[in-house]
Amino acid sequence: MSRGITAVSTLLLLQASGLNVALRPRAQRPRSRAPIATPEPSPPPPTASLQKDKLAAKARVAAAKDELAAAAERREAEAQTAERCAAEARAAASRSAAAQKVADEAAAAASAAEHELASATADLDAAAAALEAWEKENPLSALGSVGVAVGIEVGAAVAETAGKALLSSLFGESKSEREAREAREAAVAAEANAEAEAAAARERAAAEAAAAAAEAAAAAAAEAAAAERAAAERRDQELRQKREAAEEALRVQRPRPLSDVAATQAAEAAVNAAAAAGLMDADAAEEKKRELQQAAEARERLGRLRLFESDLALLGFEAVSEDDLLALDEKALRAQFRLRSRELHPDAATEEELAGRPSVYELNAAYTSLLKLVR
């Protein structure tokens, strides 16, 4: 403050003495300004087609999940049906075993009755033969009481047998024979019925097992088809994401790296210096600079194409050299696109041939993206 007053006083004294002294303003320091922050470019809003594709993909995934759930329910129902068939087969086998037991018992009773009848007949024949032999050996005694008693007994047996024969000839078989025959027939019928029921149960079980196996195979096929559709959707989604990332990189990044631009400019400066020094004529210098420019453009074109490696691979250009890739034009691209369309189009290939491959829709999108680069 005191220094400022002293300077003003000195100036006033000098002006009073006749000296023309002008006040000079102090030099102002330049004000430093903070750099203005450039806002980051906002990502482009998703297009309507992308939203539509995402919604369609979600719908297909939901449909695949529903198909898997339905397949699981069908497998559960098939397992219950197979268990029911097995229970019916076991019940039929049990009934068959019971019928077989009844048939065996009836056959045993009939066999015992036949055996007793044969034994009685044999005893009767033996007694008659013995009596006849005794009468031949003792003709006088055969007339006595003993012979009479034996004759009565033999006569009664013969009469009984004859009576049975007469009754059988008049009225058919006896009650015991009829019961034995009916038991045998019932046993045979029960055995036949049991065998028929067992055969029918086996046929039903086999038919239901075959139907269950067919349904299980159909469910497995549906599950495999749903899994394949989900995998195909994932493949297509990965291709779309890579393509979108390549298009975004192509939009925001420089066509050529700064190092490549600097190297090209340095080479052109060297050529100009050589021409100015007389080491190279003007035509050669221009030709050299033209070659440098063409090489730089080729590197730029190659770098842009390399961003779309997934689309190049989809169209069949994954194994080509850099020279062939630089020589790629619209005609060659269209020819390769038609060739791949015949391989991936559902009207020209079977489901087995299309399994594990991207869809033809992604092929069309890849062709459109590359066509913009080669035109």
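A Cβ is built for glycine as well, from the same backbone N, Cα and C atoms used for every other residue.
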Point to revise | Feature region 'Disordered' in TrEMBL, mapped to one of the ranges 62-97, 134-169, 170-205 | key: 170-205
Check your understanding: If you check TrEMBL, which stretch out of 225-254, 345-374 is marked region 'Disordered'?
Key -> 225-254
